[in-house]
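Listed features, source Swiss-Prot:
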- ASP84: active site (ACT_SITE)
- GLU177: active site, proton acceptor (ACT_SITE)
- HIS82, ASP143, ASP200: Zn(2+) 1 binding site (BINDING)
- ASP143, GLU178, HIS382: Zn(2+) 2 binding site (BINDING)
Amino acid sequence: MKYDNLLDRFIKYVKVNTRSVPDSETTPSTESQEAFALTILKPEMEAIGLQDVHYNPVNGYLIGTLPANNPTLTRKIGFIAHMDTADFNAENVNPQIIDNYQGGDITLGSSNYKLDPKAFPNLNNYIGQTLITTDGTTLLGADDKSGIAEIMTAIEFLTSQPQIEHCDIKVAFGPDEEIGVGADKFEVADFEVDFAYTMDGGPLGELQYETFSAAALEVTFLGRNVHPGTAKDQMINALELAIDFHEKLPAKDRPEYTDGYQGFYHLTGLTGTVEEARASYIIRDFEEASFEARKVKVENIAQSMNAQLGTKRVLVELNDQYYNMKKVIEKDMTAIELAKEVMEELAIKPVIEPIRGGTDGSKISFMGIPTPNIFAGGENMHGRFEFVSLQTMERAVDVIIGLVCKA
């Protein structure tokens, strides 16, 4: 179905810079996210008929409710999307709209960049559709403002068509998903549902309930700096220690060599001098045993290096970030079965595969609300080559409406 306000709503949202910032001491991590919630989303939520719309300054969540209009539809379903965008330029987003895409290259504004089907063969899936792209200078922000726009549009449709019967609906828009802390302060008591869905997936049909389990690893290397001319048997180069540590990790267990259910170690940052160096990693795996084994391995490498050095010069700090939500959701597959049924009725083929990443639903599921992930349409997310199909967004709205009407 076509929805008149969907495209304009999406364009309005992505033009607001809501980029999150790691290592911030505030929630949300940036003031722009709170401003987006309070000045744009909250008034709109109230205008389209959501009730009890309120913003929680402690956790940065904006929540609203649409009560059931049929008492026999007893389920309570939630829909969640995040307001922040990823670590890429998000200032002055200037979307361009490609009507009736017919294949070939798409020049991104006046930049020297282009979307080329040879580099991005996923473009070939969108012949004849309306695509929204960047101008080559920013990301687009479909992750996850497409999800916000889809939820808003579904609610607007339901309130404008009161004869359409639906269950109780809760809506939540939250901060800081991209930096991994968005759901840390989520309050289950303020979101009383049987289950929920994050509208945060990619192409048409995605339905996901398996995520990575994730940990952050910080390794500090303590060297000893002396003049290189007299360094023999005295200098300990912290940068060399960092290189040695990295080379002791399995070379093929890196993102660029893995897919499917394979986990990895990913070096995300390396800074330092001869005196001190610091390496930042993320650790990812699907199975609990292999996830734990990866953490044990880095501890063992550090212990072995320290033993060889005769003192503690390799310091490891490990922090779990989130866990594979499959462990929770597989205990009650109602949310998955309902979504599959709705998609199939809409002639959408469910694509059930693991998320090689995480969502807010990972943490929220472990808080007691099973929260799988549904497609929102974004492609090539987190950079200048990001795009989304309007038709896929429309289908996501169809799914949301189908879920609450079938509950």
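Each Cβ is built from the backbone N, Cα and C atoms, and glycine gets one as well.
Features recorded in Swiss-Prot, as mapped to the structure shown.
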residue : record                : Cβ contacts under 8 Å, 6 or more apart
HIS82   : Zn(2+) 1 binding site : ASP144, GLY147, PHE173, GLY174, PRO175, ASP176, GLU177, GLU178, GLY182, THR198, ASP200, ASP360
ASP84   : active site           : THR18, ARG19, SER20, PRO28, SER29, THR30, GLN33, PRO175, ASP176, GLU177, GLU178, ILE179, GLY182
ASP143  : Zn(2+) 1 binding site : THR85, ALA86, GLU178, ASP200, ALA376, GLY378, MET381, HIS382, GLU386
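Apart from the site residues HIS82, ASP143, ASP200, the chain places the Cβ of ALA81, ASP144, GLY147, GLU177, GLU178, THR198, MET199, THR359, ASP360, ALA376, GLY378 no farther than 8 Å from the centroid of the site's Cβ atoms, the recorded Zn(2+) 1 location.
Neighbouring residues of the recorded Zn(2+) 2 site, listed in sequence order and excluding ASP143, GLU178, HIS382, comprise THR85, ALA86, ASP87, PHE88, LEU139, ASP144, MET381 (Cβ within 8 Å of the Cβ centroid). For the recorded site, ASP143 (Zn(2+) 1 binding site), the DSSP three-state label reads helix.
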